[in-house]
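These come from TrEMBL:
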- C:2-141: domain 'Aspartate/ornithine carbamoyltransferase carbamoyl-P binding' (DOMAIN)
- C:Arg51, C:Thr52, C:Arg101, C:His129, C:Gln132, C:Leu263, C:Pro264: carbamoyl phosphate binding site (BINDING)
- C:Lys80, C:Arg162, C:Arg224: L-aspartate binding site (BINDING)
- C:150-298: domain 'Aspartate/ornithine carbamoyltransferase Asp/Orn-binding' (DOMAIN)
Amino acid sequence: MKHLMNPLDFTVEELNQLFDLANDIEANMDKYAHVCAGKKLATCFYEPSTRTRLSFEAAMLNLGGSVLGFSEASSSSAAKGESVSDTIRVVSCFADICAMRHPKEGAPMVAASRSSIPVINAGDGGHQHPTQTLTDLLTIRSMKGRLDHFTIGLCGDLKFGRTVHSLINALVRYEGIQFIFISPRELMVPDYVTDMLKEKNIPYEEVIRLEDIMPKLDLLYMTRVQKERFFNEEDYVRLKDFYILDKLKMQLAKPDMLVLHPLPRVNEISVEVDEDPRAAYFKQVQYGVYVRMALILTLLNIHVN
Amino acid sequence: MKHLMNPLDFTVEELNQLFDLANDIEANMDKYAHVCAGKKLATCFYEPSTRTRLSFEAAMLNLGGSVLGFSEASSSSAAKGESVSDTIRVVSCFADICAMRHPKEGAPMVAASRSSIPVINAGDGGHQHPTQTLTDLLTIRSMKGRLDHFTIGLCGDLKFGRTVHSLINALVRYEGIQFIFISPRELMVPDYVTDMLKEKNIPYEEVIRLEDIMPKLDLLYMTRVQKERFFNEEDYVRLKDFYILDKLKMQLAKPDMLVLHPLPRVNEISVEVDEDPRAAYFKQVQYGVYVRMALILTLLNIHVN
Amino acid sequence: MKHLMNPLDFTVEELNQLFDLANDIEANMDKYAHVCAGKKLATCFYEPSTRTRLSFEAAMLNLGGSVLGFSEASSSSAAKGESVSDTIRVVSCFADICAMRHPKEGAPMVAASRSSIPVINAGDGGHQHPTQTLTDLLTIRSMKGRLDHFTIGLCGDLKFGRTVHSLINALVRYEGIQFIFISPRELMVPDYVTDMLKEKNIPYEEVIRLEDIMPKLDLLYMTRVQKERFFNEEDYVRLKDFYILDKLKMQLAKPDMLVLHPLPRVNEISVEVDEDPRAAYFKQVQYGVYVRMALILTLLNIHVN
């Protein structure tokens with residue numbers, strides 16, 4: 001039985017199969033409308049995350065399956081002191097597959113080790129959020145036709161953002177990737193990331209201002225810069241506009257550059273950018289459903305001809 | 001694409017079609033049992049409202065569709081600062097139609113303007129609650145056979161009650177309607193309502209005591225009088241019994257007068273009235289499901305022969 | 001119309017039919033996969049209980065029905081002062097059967113008296129939790145082949161544990177049952193229980209230490225001993241280990257003794273016991289789904305050949 005804990009749990013070849021399946025689903029939704037009839041997905045969310053939970057639920061419903069679960073810890077048995085191991089053994093009696101979000105790093109891993117059904121890590125603290133990474137990769141592959149030979153800019157909070165670290169780890173497996181990290185000094189990528197890139201001989205650059213490198217980028221991955229991450233108010237006021245993407249900055253970009261964002265956004269992408277054909281962040285949401293559908297089928301070992 | 005923000009979004013003719021459909025659904029539930037197969041309703045409730053949410057969910061399930069969503073803001077991305085516009089664009093990727101309740105007036109309208117799926121206003125602050133008004137109208141039409149030529153008493157809090165204002169605005173479009181407003185002085189209908197009635201030459205009366213006008217009424221619409229609305233405790237104690245409907249007051253009423261109430265009630269209708277055949281408030285709940293079924297079909301543009 | 005308020009609502013003969021049905025469901029899940037198509041279960045949980053709620057939802061989904069409801073009081077109309085009687089009359093318009101959990105004793109009974117759909121008591125305060133008792137009985141009957149002629153040990157908090165009292169009341173209807181109560185003095189079974197046993201001439205023993213009577217037991221029903229139940233810290237420290245089941249104590253037991261627990265557990269059964277073939281507490285969860293499926297079919301009067 002296979003679980004999904006980390007985006008690297010799948011080899012590049014397995015990912016290709018997953019993405020092929022997701023694209024076939026996109027093109028032929030009707031063919032998949034009943035393939036999970038009688039199957040149940042449990043959404044075990046120990047902390048709220050509406051977007052991720054609804055994406056999983058939409059995915060399962062699109063496959064003809066059904067859904068049960070909880071959306072916050074207070075209404076779960078965890079409040080009575082039950083361990084995650086016990087909860088998953090119980091949930092295994094109720095459902096065929098489980099998507100688990102937990103504030104503690106490693107909790108889904110513990111669950112998977114005791115589970116008799118496939119477990120999907122739907123986010124564990126600041127650690128992993130593999131279905132977001134699969135979503136990002138599928139969006140790029142679907143809209144660009146490939147996952148190699150890109151210059152990708154990652155902008156914003158590169159220190160704490162788990163989606164950024166996950167995406168970097170996933171992309172280094174493809175050829176010809178070049179990274180440009182755009183962030184304030186306080187929020188630069190951690191050393192272990194740049195050390196890994198040096199070791200693998202993968203080119204990267206670190207810059208402070210988004211404008212400076214816009215023309216170079218094939219892909220721009222935006223994230224939110226939270227005020228409270230800065231050392232002082234002064235720095236925040238001085239720097240924050242460097243990390244807000246607006247129409248003016250978009251004029252500097254290539255005509256086919258894609259803008260990605262894991263959402264929710266607050267103000268780091270101006271709404272005026274939404275109608276730009278290069279804005280791909282709402283399409284990401286749609287690809288997130290397709291990739292979760294493909295993932296559920298893959299982990300349940302359901303094959304459709 | 002059509003949304004429902006306000007009960008007046010539909011013309012009288014469109015309402016007639018909607019109510020005809022609702023009555024056909026009532027008479028032939030089986031015919032409609034699978035017409036929304038594969039369709040998903042998102043219930044986006046930024047404040048809790050079990051009755052309204054469950055009514056929408058029952059409606060969609062009765063049509064063979066499925067449901068996903070959230071039942072309070074704390075478990076939504078709003079807590080992370082996401083705008084309603086972004087949320088609806090995301091939800092558009094998960095569902096085919098959305099029912100949204102929001103504490104802020106106008107929020108569902110903002111959502112509708114950015115949505116790629118039909119949005120139903122399921123209540124926005126003290127502003128509108130159009131499916132309640134549709135429910136009220138369908139109940140009257142179904143049980144009385146018409147929506148014109150009535151004397152209707154509206155009793156209780158006529159100042160703040162949005163369901164009352166909505167119903168008045170909906171009924172003035174029909175001929176021969178006469179209003180009797182029964183309320184303490186503190187909770188009388190606002191001037192803009194009576195001004196509108198004068199302008200349209202629609203007769204109305206304002207009285208303090210329910211007993212005095214019971215014999216005249218064809219319909220009695222009860223609402224709750226909240227203690228905290230009164231200027232002083234003394235007035236509350238002196239007046240409150242005027243607005244409690246009991247068996248004794250029902251003896252003064254016509255034998256075919258209907259009692260309506262948007263529910264939940266607290267004590268403004270004595271439970272001894274429940275078994276009176278003129279009590280229509282629990283039937284309203286049932287009509288609320290039928291009218292929401294008709295509404296979902298209409299907004300999704302699904303036609304059944 | 002039949003409700004389930006108390007495990008004794010069913011005669012021994014009716015229970016046998018229910019358990020036969022549950023075992024047929026276990027053996028032939030596919031046969032039952034669509035028998036509730038178009039039916040809706042309302043889960044009205046005025047206090048959270050994930051395990052019980054999900055078990056009901058899994059049961060209804062396994063039968064091809066669908067589910068709606070609420071999982072805590074704050075998101076229900078109760079917060080607006082609605083009575084349980086009114087809520088159930090409203091819910092009757094939305095669903096075909098209702099599972100209700102409520103912190104107040106007797107609330108589901110009040111609901112049932114006004115309901116036009118079958119109501120299942122899913123736990124009312126410290127009072128009753130009949131589907132847990134049905135689960136316990138089905139587990140014993142399925143794994144042992146009978147419900148009579150057993151020596152059963154009940155261990156832990158026997159004073160406040162409602163599942164224990166319910167199970168005792170259910171088992172005294174079968175022949176040849178012998179009880180051994182294992183608990184600290186503070187948490188012994190109440191007098192009205194032992195009085196009832198004396199009156200019926202049913203043998204029982206009361207002991208302090210689990211080890212002492214392990215070899216005698218055919219069944220061991222564990223419950224949690226909460227620290228706050230003890231009169232003083234000293235007693236708690238001195239006694240608590242007597243009530244923790246571990247590998248060592250299991251060595252004293254018969255090779256076919258079953259260990260049951262209503263779950264969730266905290267530490268009263270050491271995890272090292274989980275893999276012992278005599279550990280039946282996770283199997284109980286599975287039987288809980290089967291018995292709820294059988295119960296839903298029985299109360300909805302649906303017969304499958």
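Positions of Cβ are set from backbone N, Cα and C atoms, glycine also.
Here the features listed in TrEMBL are placed on the structure.
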| residue | record | Cβ contacts under 8 Å, 6 or more apart |
| --- | --- | --- |
| C:Arg51 | carbamoyl phosphate binding site | C:Leu263, C:Pro264, C:Val285 |
| C:Thr52 | carbamoyl phosphate binding site | C:Phe45, C:Ala99, C:Arg101, C:Ala122, C:Gly123, C:His129, C:Thr131, C:Gln132 |
| C:Arg162 | L-aspartate binding site | C:Gly126, C:His127, C:Gln128, C:His129 |
| C:Arg224 | L-aspartate binding site | C:Gly156, C:Asp157, C:Arg265, C:Val266, C:Glu268 |
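Other Cβ atoms within 10 Å of the Cβ of C:His129 (carbamoyl phosphate binding site), summed over all protein chains shown, number 24. In the three-state DSSP reading, C:Thr52 (carbamoyl phosphate binding site) counts as helix. Cβ packing within 10 Å was compared across the binding-site residues C:Arg101, C:Gln132, C:Leu263, C:Pro264, and the lowest neighbour count falls to C:Pro264.
Largest Cα to Cα distance within the recorded carbamoyl phosphate binders C:Arg51, C:Thr52, C:Arg101, C:His129, C:Gln132, C:Leu263, C:Pro264: about 17 Å as a whole number. Along the domain 'Aspartate/ornithine carbamoyltransferase Asp/Orn-binding' (C:150-298), the predicted structure has mean pLDDT 93.
Summarised by DSSP class, the composition of the domain 'Aspartate/ornithine carbamoyltransferase carbamoyl-P binding' (C:2-141) is 71 helix, 25 strand, 44 coil. Under the three-state DSSP scheme, C:Leu263 (carbamoyl phosphate binding site) falls in the coil class. Those same-chain residues not listed among C:Arg51, C:Thr52, C:Arg101, C:His129, C:Gln132, C:Leu263, C:Pro264 yet with C-beta within 8 angstroms of the centroid of the carbamoyl phosphate site C-beta atoms are C:Ser49, C:Ser55, C:Gly123, C:Pro262.
Each of the binding-site residues C:Arg101, C:Gln132, C:Arg162, C:Arg224 was checked for a CB under 8 angstroms from a CB of chain A; none meets this. Secondary structure of the domain 'Aspartate/ornithine carbamoyltransferase Asp/Orn-binding' (C:150-298) per DSSP, as helix, strand and coil residue counts: 68 helix, 26 strand, 55 coil.
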